[in-house]
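S.K.: Quick one: structure below, then a few questions.
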């Protein structure tokens, strides 16, 4: 490579990277304000380019019509909402404010003789017209979903992307467009010809980045949006509504997208679906920048552009593999530099409210059984009553359901979003396809190979990616999916783009299992088996641990769950299911090519899981059925309605998905289950007389269990703890008090291994430097100031999770129900601890339905279930009523008499004084006083600290 | 539950269809990468004969979104659900290859408007059921490489899209290159929706080939060509019949002037003498299409039109032997198509034999250059 080529490529990479950078900016902006991952941004690019060309040819009215339609819809929605609130006039006015300008622009695009306008005028018009779509789409699509989870919002974005691609094809057709350059200029820089286009792209990008950064810091609207992003409630108090901030950032995103389109159309061919790939690269850049900082996102995007440019010179066939393959190591480096993050986004599932009287529970069980019987019977009867073709569709439903089941476990339950499942289906399919057609192996022999391949690759990917946190993990799976798909299309063993034909079918004892009918039995047996195994898994020791992952890792680690192993395990299970589906698919379809294993299909599987109800297993089947059959049905029905012209399936399907998720953001099945009063899977009360779990050897009363020496903790210049030492002995209650901000919580987090101290040691039962989990395994139990429970699980399950470290049963034993003996002992222990804290009668309620005080007691029961010898309680009495406090005090005294060491933070002095043996007071991070309760109460320094703090 | 209701609904909507008619399934790629090809084909379905002899003909159209897997699903549906007597489609070679086993199992004739001869050669039990209604890719490539050789070209670089289309063109180009002794000195890939091929173009420039062949279809054909021209490439630029769309001339403008391609004589009808038999049929097809859609069709739509002509001739023969909707009818239809002799289509003259189901001869492809922004016959 000569310097000339290197420079030329750099120029090209920069010019493309600049476009990606613009898009990355818009993605970061939209995400930080609204939590929406704005996939349809790519369509704004396409709309911008195609509208710009349309205006030049005098056909810009097609975009105008679409904008006008959305503006009218917006007006109607506002008016309807106003009518329902009984205040139609202000609502109508608000609607008009939103719709007037878009309507004007739309009208302008129709009546103005734009074909004769200068390019620059049409460019501005196109950007204005397309950008107007931004706020309208926010109002219609996202505003009703302001409370939904990031995952639901992502899926809505996918649906909107589908709709807009369909609309783009209908409006603009499949042909491409190119415009004359806005700036016709060619200069030579270091011997490399530089076009005016490149100069303009770079200039616009730098200007926009600067303007955005400045605006977000210095203007009222910018501050408003940042405020809305950081603290929506606070922003609302200041008169900045979330909808306003949302519309505003969608407007900016619309401008950025449309502008990118106009710029791109002047240098390249733009098609109706060009935008998606551009947006994807912007998205990758944005995440490389951490989805938070504008300059970093822009830098990440430029990096993508450069990588792409050089890769297309050196190995154009492997360009995607190189560009996206490099993303994973970059992410890893970033994560490693961050250190291991324990905190993740909380994504609370709704608590259920079900009658828990014995008769009602019996009724629920019967209803459940009846439904299971009906479901299985329906599946069994289908081949008798349905045609071959309907069975073929059900086969596809089943295949998709197997993949979606894995995703429910991985994404819905463990909270790890994966875009790569289609790649694992492909891995399974190509493995068996190759082995059975190239070597003539029987498919039954290739099955173990398929499972080994997908299992091992999942393990490898899991080991690499389980370290990744937050948004990095989904991006890593996205990269994995893109790389795998690109490889399927380039490698020789997979047959490249043309694929692999004549894969043999299945045979059973010499009988061919070919065609939809015989295969139906195979596929649906696997579906039912998968459902049963996963249901068993969820109602077990490892299942509870996996369910605990979603609510943040601290709580799970604090009861001894190896969260990393559990993440990897759920990844492996999901990928095994995907591989199995791939094996089935290969021998059912008997033809393989890369398209069914693309990233689009990977997103589609997520789509199914979310639509059905990402947290529920039956939801996977429901979602697969809706997506597969819905598409098939639309394809046969819509041509009858709209005629053969146009392709409306994706539009109608996407719209239906958006409307459905607006009504049911948690998916279909959870809503149905609530209607039918079905209980989610979980532990049932243990039979009386169940033997107890083994208990650990306890330290003798008076033995020092916890020795904290010389703890310093600095956050930057702020010293949160300075030279703090304390001891807790077995059979002793030490209370830690101090005004707000004294450093109690920091100390607590250091003692329990969540935060490492800057200096000093924490020694627990003679060992120091232990992690949160190691401490938990050694017998330290803790509760949290802000309760960390699993609101959608029963109280009993929540407490049983506490006994995690006391059992050994693994995933396989759980799935096969070989763990029932141990499980019964765990559940019995949980019930015993619940009875002890006075919540025994609420065992079958959902934890989220308890009062705050009860939830604190639940946390204590959970800590007790781990059979601790030291208990760390963070404000256990807050929110408790007088009698409950009394009972709690009695319990703590009782525990002390059994030899438990207790360290507690509490504000309620009356409560403390009655039970604490010693009190430690800290203020401004320094030990102020230590002694027995009565001497502390008389200590002048303490009195001053409290009164001073109060005054 | 919902599943069952939906299936039931789907059944009631699709299951009706009288039996006293011929049913023809059509699969084309009206969305996705091959849509430049597929949309014309889909539009052409509307002007296929609705009545052949005394029999009504019903067409069931399905889009495969340029995805071979969807082609397979569509074929399964047409065979199992609609019980069609014949299928026209799919638009792309990989799709056609993928559906072969299913067609053969159902013993239903397939009229494939695709380029690759692999769908009809080597003739075997599966390919018995397949007839091709497009110029063979190798005809196109032979014409191109023949012309290149004639003009003294020694080296060619290939750049194609990373999809089935591009891959097939490369395969065919390599074979033709070997035959003519021309060396392929670089082979590059890009995605249909890529916005820059600068890296690939630089690579090609550094290999310094006498000509560059661009292997894809529709609007994606333009970016590599324009990029090469902008970078100062002075050699010959060559396109396949995939570029034979009005967009190519419109979007390419002056920069595609002088491009060599090989395609159907339909592109240069004005220059053909009335002695060329296909001219009359092509004109009538163009007239019909224009009357309905207001625009002129490209050559891809004609492939489906010709499939209709083949059926128009064969259906009455088969109907004399068996009733439509029966296996006997489908077998008779296959035999009748195989016996086609001297049928004049819009792009050439069909002659089928049991060994050769590809129909066209070399007369169906002519070398063309872009001159003054128009397709011109290369003489």
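Numbers here mean position along the shown chain, with the first residue as 1.
Each Cβ is built from the backbone N, Cα and C atoms, and glycine gets one as well.
Annotations in TrEMBL come from automatic prediction, not curation.
TrEMBL lists A:13-31, A:61-83, A:95-113, A:119-138, A:150-172, A:251-272, A:393-416, A:447-465, A:472-491, A:519-538, A:568-586, A:641-661 (among others) with the feature transmembrane segment. Taken from TrEMBL, the feature domain 'ABC transporter' covers A:706-949.
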S.K.: Out of A:95-113, A:251-272, A:568-586, which stretch touches the transmembrane segment (A:393-416) the most, going by CB pairs under 8 Å?
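M.R.: Top-ranked stretch among A:95-113, A:251-272, A:568-586: A:568-586.
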S.K.: Check the transmembrane segment (A:150-172) against the transmembrane segment (A:61-83) for contact, please; criterion is three or more CB pairs under 8 Å, pairs 6 or more apart in sequence.
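M.R.: Contact between the transmembrane segment (A:61-83) and the transmembrane segment (A:150-172): present, because at least 3 Cβ pairs are under 8 Å.
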S.K.: Do any residues, 6 or more residues outside the transmembrane segment (A:119-138), come within under 8 Å Cβ-to-Cβ of it, and if so which ones?
M.R.: 34, 40, 44, 47-48, 51-52, 54-56, 60, 63-64, 66-67, 70-71, 73-74, 98-99, 101-102, 105-106, 108-109, 112, 160, 179-180, 182, 243, 246-248, 250-255, 257-259, 261-262
S.K.: So which residues does the transmembrane segment (A:519-538) touch in its own chain, when a touch means Cβ under 8 Å and the partner is 6 or more beyond its ends?
M.R.: 376, 379, 382-383, 391, 394-395, 398-399, 401-402, 405, 408-409, 413, 506, 513, 546-547, 573, 577, 580, 584, 588, 617-618, 621, 681-682, 811, 814-817
S.K.: Across the domain 'ABC transporter' (A:706-949), what does the pLDDT come to on average, as a whole number?
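M.R.: When the pLDDT values over the domain 'ABC transporter' (A:706-949) are averaged, the result is 89.
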S.K.: Let me spell it out: take the transmembrane segment (A:251-272), skip the flanking residues so only those 6+ beyond its ends count, and list any with a Cβ under 8 Å from a Cβ in it.
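M.R.: Residues 15, 19, 22-23, 25-27, 29-30, 38, 41-53, 123, 126-127, 129-135, 165, 168-169, 172-182, 195, 197-198, 200-201, 204, 208, 212, 278.
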S.K.: Could you pull out which residues elsewhere in the chain have a CB under 8 Å from any CB of the transmembrane segment (A:568-586), counting only those six or more residues past its ends?
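M.R.: Tertiary neighbours of the transmembrane segment (A:568-586) are 399-400, 402-403, 405-407, 409-410, 413-414, 416, 418, 421-422, 424-433, 436, 443, 446-447, 450-451, 453-455, 457-459, 461-463, 465-466, 503, 519, 522-523, 526, 530, 534, 537, 542, 546, 549, 592, 596-597, 811.
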S.K.: Counting only residues 6 or more past its boundaries, what in the same chain has a CB within less than 8 Å of a CB in the transmembrane segment (A:13-31)?
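M.R.: Residues 37-38, 41-42, 45, 197-198, 201-202, 204-205, 208-209, 212, 225, 249-250, 252-253, 256-257, 259-260, 263-264, 267, 278-279, 281-283, 285-286, 289, 291-294, 297-310 contact the transmembrane segment (A:13-31) from elsewhere in the chain.
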